[in-house]
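The structure under discussion appears below in the form of structure tokens.
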Amino acid sequence: MDIKDIKTQELVKKYNFKFTKSLGQNFLVDDSVLQDIVDGAEVTEDDLVIEIGPGVGTLTAELLKKAKKVIAIELDDELVPILQNELGDNPKFQLVHKDALKVDFNELIGEEKSVKLVANLPYYVTTPIIVRLLNEGYNFKSLTIMIQKEVAERINSEPNCKEYGSISVLVQYYCDTRIVRYVSPNCFIPRPKVESIVIRLDRLGKPRVDVKSEKLFFDVVRNSFNMRRKTLWNTVKSIGLTKEHMEKAFENSGIDPKRRGETLSIAEFAALSDSIYEEKNNS
Ligand code: SAM
């Protein structure tokens with residue numbers, strides 16, 4: 001079946017579509033970016049693609065050319081008839097009219113083995129969506145997403161860089177990360193104030209490090225970055241160990257308590273949180 005090539009500006013005009021700023025509606029108008037997203041995601045005919053925020057369906061149409069099926073999740077009531085009208089005839093297309101923060105992705109994925117998420121994400125929900133997709137353990141092979149440049153740089157950052165933070169550790173705990181390309185504000189209508197990056201997150205078969213308690217690991221990480229200027233000794237205090245157990249935890253992990261959290265690799269955070277775990281259970 002032939003899939004129609006649809007173009008964003010024509011569609012916006014055809015349907016007299018009015019953008020809603022609060023929904024993060026900046027639509028792509030540059031074909032080369034659309035192509036780089038689809039190529040960057042390496043979509044094949046074995047893949048179920050889940051797209052968050054299809055807008056008027058320009059990226060969706062490109063994904064439909066390559067994928068086995070595309071499920072697009074769109075919140076805006078105004079876009080539903082447009083998407084149904086433009087893409088509804090395609091048997092590979094399914095529209096879910098819901099908030100992506102509330103969708104049960106397992107229900108959409110079903111028995112599919114090769115599932116890729118592709119999206120030009122609405123910026124106002126970028127971090128909660130990424131956190132949800134990773135923490136809730138859905139069976140995505142990869143996430144190829146366009147996000148605000150600063151957030152992508154944080155995700156892709158390393159210890160001792162100013163961008164390194166909780167989100168870097170969270171994403172790299174679950175995924176390999178790779179920047180696909182930079183995208184100028186001129187590639188969108190309306191033009192956003194910020195620059196963007198397409199980043200690909202490839203989910204690892206299992207988390208990058210083994211930890212005794214994921215909850216404690218992420219608590220230690222969060223505390224360390226919430227109190228960035230403090231030494232690890234001061235940030236770990238809030239976990240509630242006695243001085244003796246704290247000393248033992250640092251000694252056993254081999255990590256100097258005078259260091260700051262922002263200098264620790266993921267493996268070091270794991271070693272520290274495992275030693276704290278041992279001391280907590282011995283106290
Ligand atoms: N994919 C289109 C493109 O690349 O041109 C549009 C991307 S635009 C940045 C973000 C889209 O996400 C909009 O269509 C917006 O209505 C939709 N959206 C915003 N919040 C949403 C949410 N919570 N759940 C699902 N879709 C959402």
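The backbone N, Cα and C atoms fix where each Cβ goes, and this holds for glycine too.
Listed in TrEMBL for this protein:
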- Asn26, Leu28, Gly53, Glu74, Asp99, Asn120: S-adenosyl-L-methionine binding site (BINDING)
- 33-205: domain 'Ribosomal RNA adenine methylase transferase N-terminal' (DOMAIN)
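A map of TrEMBL features onto the structure.
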{"residue": "Asn26", "record": "S-adenosyl-L-methionine binding site", "DSSP class": "coil"}
{"residue": "Gly53", "record": "S-adenosyl-L-methionine binding site", "DSSP class": "coil"}
{"residue": "Glu74", "record": "S-adenosyl-L-methionine binding site", "DSSP class": "coil"}
{"residue": "Asp99", "record": "S-adenosyl-L-methionine binding site", "DSSP class": "coil"}
{"residue": "Asn120", "record": "S-adenosyl-L-methionine binding site", "DSSP class": "strand"}
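In the structure shown, the C-beta of Asn120 has more C-beta neighbours within 10 angstroms than that of any other entry among the binding-site residues Asn26, Asn120. For the binding-site residues Glu74, Asp99, counting C-beta atoms within 10 A of each C-beta gives the highest total at Glu74. Counting other Cβ atoms within 10 Å of each Cβ, the binding-site residues Leu28, Gly53 show the lowest value at Leu28. Within the model, the domain 'Ribosomal RNA adenine methylase transferase N-terminal' (33-205) carries an average pLDDT of 97.
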